[in-house]
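A.B. asks: First the structure, which I've put down as structure tokens, then a few questions once you've had a look.
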Amino acid sequence: MKKVKMFGMATLALFGSTTAISAVAPVAASAARTKVVLWDGMTGPYAKALDKIVKGYNRSQSKYTVVRQSQGNYAALNQKIMAAAKSRTLPDMAQATYTQVPDYQKENLVSPLDSYMLKGSDKISKAQLKNIYPGFISSSKWQGKYYSIPFSKSVRVMLVNQDLLKQLGFSTPQSWNDLEKIAKAAKAKGDAGIGFDASFDMELEGMSTAAGNKFVSKNLKVNFAKPKVLKAANTIYDMLQNGEAWTAGADVYGTNRFAEGKTAVYFSSSAGVTISASTVKKFKLGTAVFPSYQGKRATEFAGNDIVMMNNGKKHQAGVWSFMKYLLKNKTTEQWAESTGYLPLTKKARNSASYKSYLKKNPLFKAAADSLPYGFQATAFSGYNDYRNKMLTAIDAVTAKKESPSKVFPATAKEMKTIISDNK
Amino acid sequence: MMNAKQTWKGSIKGWLYILPMLIGIAIFSIYPILKSFSMSFYTDYQFLTDTVLARGWGNFTYLFSDGDFHLAVVNTLIYVAGAVPLTIIFSLLFAVLLFRIKWLSGFFRTVYFLPFVTSTIAISMVWTWIFNARSGLANYFLGLVGIHPIDWLNDPKYAMLTLIIISIWKGLGFNIILLMAGLGNIDKRYMNAARIDGANAWQIFWHVTLPQLSPTILFVFINGVIVDFKVFDEVFAVFGGQPGPAQSAMTMVFYIYQQFYVMNQYGRAAAASVILFIMILIVTVLQLLISRHFDYRRPTKVRKAKGGVSL
């Protein structure tokens, strides 16, 4: 019996599918309406905010009833989707990262949105499409078709210890040159200037993209070991080596260490601003847009999209109807204000009410100001495999203190193999 | 009934009694095992439709050339070799002590057993705090004796040690209970006889208690090896969902998890679990064979050696 248990992984897949089935409990809906099921990874205040939006949608029309079912965190959500796919109990739509789309599409788990989004009576106009920030909508497309709409999106921002910065005699950093100076000054005082989460991959890809090289280009060329990427990586590596910067390691997020007050600038997701604001007690907290690198600014978006699942059911019109509702200026603004996620459209960002919200909540302004500079990493089939290799390389730099020029070339080779194997 | 003659009717009745359990085992244990074996040969597989496009040894050849997998195997072996003997030594020590002191022994038994009934994830949170490099308890105490703070969780050199310490602590309770039961089963007359012959406490422990306890120790050992080969929860929780700094705590089950759930490489994950299965099987069989030479309670060994009588 004991030996049996080591097959936990395979067994879990089976158990997973049973849980998924039970999750789709029948919900009372009026007979005339079609029930449309949404699986998401939202919990706590985010779940409440989404509930409010779902309620709003259900009230706004009489054809569909959206039922949201939280599956826990994103990892659990992804696992349940795979299990549900196996037991043919997929929901009608689900939250997913856009980087998951190529693999989902390969497994035939998702349906393209084009026939609803671009054609038919309920399509969105070109003006509406243009209204969505290009950094978001560009990643919704895979192999020429739309598979997702952006939803819960965040961006990298700087959290600033304003008191320490003042003591050191600096103003809010605008560029990586400024940051290097701050880091040196802080180190001379016995503090660390800059803090990162466990991995600095998103900061590095921001710098590399500003310099002209994403880790993987749009046409799937691997740039991870290109001089521009290595140069940017060395900037961070040198700071880490000199004790001018730290990474959060097993803490995963650097919030607690930053809150201790001995770090001038900490790179965080804009989705973490709320938590940091409540954790920081010792000093005046500020936020700032990701710094420019070599005169250019690029900051990486993260977060989740919503995809239409290929479950063989005929609820797709309902799914699209809800997606369209989420992209409305009013809805995305409400979502952004209640969660701290980014508004998805330009009109929502520039609306008077959102501007007045930012006035009342100035810590969120940096994220909103980042919108024009936002980009997303290239997605492709095998992305998870690729990302794992990329994070391992970054980890070797932070934990083993190996130089990027030593680690990255071998990783780039592995990345190339992954991409060609998955073509 | 116990002595009833075996009849067809009786057998069928017996099978019916255990049928519900057998069905459960067949569905939730036997089937997944067989499926894992067959999945390990899927080289091109569509998960959703369950269509296998190609089969072969590809997953195994990948594993044999994958550095991460080699690392996982080596780390697992180090972990088992470090954690199992140490856990047994400490458990034995505490069991013997608890067995001797009657006062408060129930209290201590409960205290040592607590880790076993506590959720690994919750306990790991406490350990991450204890091992925190800057504000943790471990470094505070080390600081008192003048040792520089160690970055337990982020230094690749210490990550495995951290895991082993947690494993020892976690394994104590269960092993102590088993060993104490074993100690209780030893006939007091052996010890009395030894005492009359002039043996001191250490001699009694070494020549009487330990040999008499060997079946229990063997069970604890085999159980420990199997459990530790499958270490996963602690790694996941202590290192924030990662296999330790610079993969220094990458274990085989973590590797399987990563291949299955993170990378969706089902064939590779199944192949890795088949290898893990074979490794545990080999180690367990070896242990059983070796233990026969040390089992002082098996009269068959002597008989076998002398007259070749087999049972």
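From the backbone N, Cα and C atoms, a Cβ is placed for every residue, glycine too.
Among the features that TrEMBL reports, domain 'ABC transmembrane type-1' is placed at B:73-287. According to TrEMBL, the feature transmembrane segment maps to B:12-34, B:77-99, B:111-130, B:158-183, B:204-226, B:269-290.
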A.B. asks: Please give the sequence-distant neighbours of the transmembrane segment (B:269-290): residues at least 6 beyond its ends with Cβ less than 8 Å from one of its Cβ atoms.
C.D. replies: 36-37, 39-42, 59-60, 62-63, 69, 72-73, 218, 221-222, 225-226, 229-230, 252-253, 255-257, 259-260
A.B. asks: Counting Cβ pairs closer than 8 Å, which of B:111-130, B:158-183, B:204-226 has the most of them with the transmembrane segment (B:77-99)?
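C.D. replies: Checked against B:111-130, B:158-183, B:204-226; highest Cβ contact count belongs to B:158-183.
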A.B. asks: Taking B:12-34, B:111-130, B:204-226 as candidates, which has the most Cβ pairs under 8 Å with the transmembrane segment (B:158-183)?
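C.D. replies: By Cβ pairs under 8 Å, B:111-130 leads among B:12-34, B:111-130, B:204-226.
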A.B. asks: How about long-range neighbours of the transmembrane segment (B:111-130): same chain, 6 or more residues beyond its ends, C-beta under 8 Å?
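C.D. replies: Contacts of the transmembrane segment (B:111-130) (Cβ under 8 Å, skipping residues fewer than 6 from its ends): 94, 98, 136-138, 153, 162, 166, 169-170, 172-174, 176-177, 233-234, 237-238.
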